Amino acid sequence: GISSPGAAMNYLSLPPFIPPRGAGACRGRSVRGGAHRGAAAPPLQEHLYIYLLDGDTRLTCDDPPHELPAEGKLRTLTPPPPPLLSPQTLVAYRRVQALQKLQPWPQVSLSTSSSQTSLAKAEKAPEGSYSELDCKILQLCGELYDLDAASLQLKVINYLKQETQSLCCCLLLVSEDNHQLFCQVVGDRVLEEEISFSLTFGCLGQVVEDKKSITLKDISEEHKQLNSMLGTEVTSMLCVPVISRATSQVVALACAFNKLSGESYTERDEHKIQHCFCYTSTVLTSTLAFQKEQKLKCECQVNDVSVLLQEIITEARNLSNAEICSVFLLDRHSHELVAKVFDGGVVDDESYEIRIPADQGIAGHVATTGKILNIKDAYSHPLFYRGVDDSTGFRTRNILCFPIKNESQEVIGVAELVNKINGPWFSKFDEDLATAFSIYCGISIAHSLLYKKVNEAQYRSHLANEMMMYHMKVSDDEYTKLLSEGIQPVATIDPNFASFTYTPRSLPEDDTSMAILSMLQDMNFINTYKMDRQTLTRFCLMVKKGYRDPPYHNWMHAFSVSHFCYLLYKNLELVNYLEDIEIFALFISCMCHDLDHRGTNNSFQVASKSVLAALYSSEGSVMERHHFAQAIAILNSQGCNIFDHFSRKDYQRMLDLMRDIILATDLAHHLRIFKDLQKMAEVGYDPKNKQHHSLLLCLLMTSCDLSDQTKGWKTTRKIAELIYKEFFSQGDLEKAMGNRPLEMMDREKAYIPELQISFMEHIAMPIYKLLQDLFPKASELYERVASNREQWTKVSHKFTIRGLPSNNSLDFLDEEYDPQEPDPQMNGCLDAEGHPESGAE
């Protein structure tokens, strides 16, 4: 409970703070740096106690008057202090005493009677007291609100000049590469042009490197430069390095010159300068950075074509000593030259811009030919039109008109200089100057127009995204209706809902959203992560709406994949292998892994040069990256962020996990890591190995994505129909583009049984074999995939006997070619009489 505005504040290394009358540090809160930092804060108290250090051994309070001894408890007060006040105050006092011994400066004794006076009127404090210095620093900091670095330096330099009693002070700023010093302000004047010093050699460079102060006797080479900069003879000097708190690098050198007393600078002066920049260096560096950014923006000026053209006009007129300059841009759509920027400024109203045919007049001739035109006598030239001069009274004597071209040497504009000021006409030198100038103008204008197009494209994209989210928006009635009776237990959905034999596609689509909520509740994620149920429901409904309706990659596929993740959690005891957040990320990724799928694969996106390919082809896994981006877009939608209550660390980890898991659904990624998966299965899974966690998550995601192959034959056969309908649709698009589709995409050539056998032997069976090796309880999954592979072999044999395939590659789906073998009991797919439900087909 100590708040001393004087020495104690400095010894405690706390920010200087002068509490107003009636306010103190003891307000029922733990003391900063005290022993009870982790203790619960006492309740807010009405009575406040301010303790000031008096001498070396006493802490005194004047309201009510009492003294805190070095040992023992607080004396009885009325009313008594909070229970935690006594030990905290004692700790703070002892800390002050310990630090006192390390401080070389003499202590200033503040008596009880004079302490309030020094608080209220710092200027009456004894010379050199800490309270006076702190008050002045506070006042200075309150005035450092300028965004202009020069104005800010003036205030700091004026403060240093007064405190060190110097004739003049300045700041030598260090360049980012530490090779130069430059000065913007000297004393009370801002220099018109910066003065720079090389830091390659010399004593000033040594200050930057060693971070130690120097005086005049340490300088030799820079002495003359300093004399020239100040305009007077330097008789004494103190140079102190200013160190950035953020980088611990020297950002400036604070220099004081010619002490008014004629004496040399002391350590006290050095301390005052260091004390000043302890509080002002951050403001100084941030202001310099802001000013540099503003200067860079002004130099580039690609954000506004009109501003850029205005600068071009000004520079062209100044370079050539012309009376007037005009710039026209070529509008290729209307075949016109357009001018909306003139010497007088920018025309905002399009009705006042000048448009002339691109093949008429002097400017039109230059735009058409692409060659410079120097006219010494305008009135005698056949292309010049005198009507404008006659109506305005202006006399045009001579004209220099030159084309502005882009990097491809295409004319994008024309600049026209009128009336040479210091000469009878524009010379050959002016022509050469204009030609060189036009090159840079062309590059700048082309980049500025391109930047404008990029901005417009971003705006259109933003609007399109807003429109998409509007149509995907979930109404209040939808989630209210879904939650009207609470979340349904999974047992009420189907008795075998948690069994590997259950077919999730048998569930009506309208019931799938509730099933998702039921699974999340059964896995205890809703309680574990304290998710708001309305937010979670809105998220689930938004994800469902985020799926298109291709034959296979639709919401029912995502639901089936999510259900299989739930089955793995329930049957393989994933909690013994993965962290909760990893399992949760896996489930959410299963829901989102094919968001906005268009029924075409990555190769098609690249071949068709689609927008998605333009966005993601350089990184690979085009569709998978798009699916993840759509998931993020939904999370960022209002009322849909189910991770909103996560800590920053968990939030970032969740998104990283989702990205990696969704990217793992690209089979090309699976094939790249397959050897690593085999090695992990051979040596055994190590829960402490982070790479094993990552590999296992990828394997589980792939097994979920292909989980339709682990169901009964009829389900597998139905899924094949959906997949190849989607494949053939892509194949038709490729043919329309003039490309030859792969055999499996070509409805006229695809031999589906053999394609399925190859897929199951080379992709599906190895995946579930790895799963079986890692989880013995997953053996039934591998066995069912192997059984379905045998069924495809029988179908292929019948095709061979009948001479198929015919022109319709889906002929194998006719009941005539059904193997007619009893299916294992398809839980959830058979009705009460043992017939397949409509949802299973």
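The backbone N, Cα and C atoms fix where each Cβ goes, and this holds for glycine too.
TrEMBL annotations: computationally assigned, not manually curated.
Binding of Zn(2+) 1 is attributed by TrEMBL to His593, Asp594, Asp705, and the same site annotation extends, among His557, His645, His762, to His557. Of all the Cβ atoms in the protein chains shown, 22 others lie within 10 Å of the Cβ of Asp705 (AMP binding site). One way to see the shell of the Zn(2+) 1 site is to take the Cβ centroid of His557, His593, Asp594, Asp705; the remaining same-chain residues with a Cβ within 8 Å of it are His553, Ala558, Val561, Cys590, His597, Thr665. Taking Cα separation as the measure, His553 (active site, proton donor) is nearest to Asp594 of the binding-site residues His593, Asp594, Asp705, Gln756. When other Cβ atoms within 10 Å of the Cβ of Gln756 (AMP binding site) are tallied across all protein chains shown, the result is 26. Over the domain 'PDEase' (475-799), the average per-residue pLDDT in this prediction is 93.
Note: the Cα of Asp705 (AMP binding site) and the Cα of His593 (Zn(2+) 1 binding site) are spaced 9 Å from each other.
Cβ contacts within 10 Å of His593 (Zn(2+) 1 binding site), excluding its own Cβ and spanning all protein chains shown: 26.
The local packing around Asn554 (AMP binding site), expressed as other Cβ atoms within 10 Å of its Cβ over all shown chains, amounts to 19.
Within 10 Å of the C-beta of His553 (active site, proton donor) we count 25 further C-beta atoms, all protein chains included. Same-chain residues at least 6 positions away in sequence with a Cβ under 8 Å from that of His557 (AMP binding site) are, in sequence order, Asp594.
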